[in-house]
């Protein structure tokens, strides 16, 4: 799969928004300005009138053009006919808006509540004291009559994926489900056409701050942590196509005295040769991109064990390098990674005492509680995700449906299967915050510039997003009252910290 990584030139802050809130400016209501950043980075380079990020995905799709939906002009969220229809609908909505709840909205709310009750009853019928497989079967038949993956309201589409997950558990397939074999990811194993996966990734970038929030927070912290270093070594747990690092390279290259950057990506032998080949191709493209910037750069990979655990002995270290561990976990576009694999990576970080450890993770409920309790928490979480996408792009139904089908649907099915298989606890865990503290890591404070950057990012999206500072070292992305994902900063750089 060819990819022109030359086209990733910025952090995708173009100074405008296609969404519903006010565009960000030099002085917005967050009290942040693009012109007031740490001198470590030339942020002006990231706020020009560039829109090259999309060329990356476009070029990847062009090289894999097999003709599925969204393949001809990816990120085009609708066809010309749909745009005309949407323009008409928008006009009608504008002229008929009232402050009262319409009968249609009331009906949707009633149906949504009914679906929630049916889903909860279905979950209860599959486990616990009230387990009744025949009742579960009847409930699922009724749910299938009421929902659709492609039509209807947000709640109806969401319920369709949860119904699919419950059906898999009832039939026994879900209990043995392994999301790494079904989750549709860029550059990874999947059952969707590659063009659909690439298109969905670009659309997810356009529709929400989920991916950018983690990348930008981690990158800003890294730049600050290595400001005066001559050599930097980043160990990346799940590099995918390397999109995160192109923007960091540009930040480092903007400093005349910037450091040499080395990235070690982990490859997974358990997935076969494809994983290693993908990592090597990512390294080739990142190397070419660094050369185009004049950024000193080298790339290596380290293979995980067959059980996906990490052994630090396989890591090549050079004296004088500032070591950074980067860990992106279970975001919508990423493959699920087991807690044992993640723990082995973080344990290695503890042994090697890096300058900084960045952890970006999905915010889920506690790993405690039974299946029904965690089922409802998952329903609440994904309801917030679906709502946030619709609020940002209310008219682009086909685009949202693609993101839901490629990323969110498989994530729902896989997550519920793991919860069910472990009886509600165990493998599917909550935040890594307590684990890191118990292991001896200490938090690294999030800088005011980093927090300000997050607020500016959210200014490009719908007003329902907000960022919360949790403690001094963690930023949490919210949709309204629901936590979606977080970015936290850690270190274990001294013997006393890691004892």
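For all residues, glycine too, the Cβ spot is worked out from N, Cα and C.
According to Swiss-Prot, the protein has these features:
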type	residues	note
REGION	64-106	region 'Disordered'
COMPBIAS	88-104	compositional bias 'Low complexity'
DOMAIN	106-491	domain 'GRAS'
REGION	113-182	region 'Leucine repeat I (LRI)'
REGION	201-265	region 'VHIID'
MOTIF	232-236	motif 'VHIID'
REGION	281-313	region 'Leucine repeat II (LRII)'
REGION	323-414	region 'PFYRE'
REGION	417-491	region 'SAW'
Could you break down the residues of the motif 'VHIID' (232-236) into DSSP helix, strand and coil, giving a count for each?
0 helix, 5 strand, 0 coil
Of the residues in the region 'Leucine repeat I (LRI)' (113-182), how many are helix, strand and coil by DSSP?
51 helix, 0 strand, 19 coil
Within the region 'PFYRE' (323-414), how many residues are helix, strand or coil going by DSSP?
54 helix, 14 strand, 24 coil
Averaged pLDDT, computed only over the residues in the domain 'GRAS' (106-491):
88
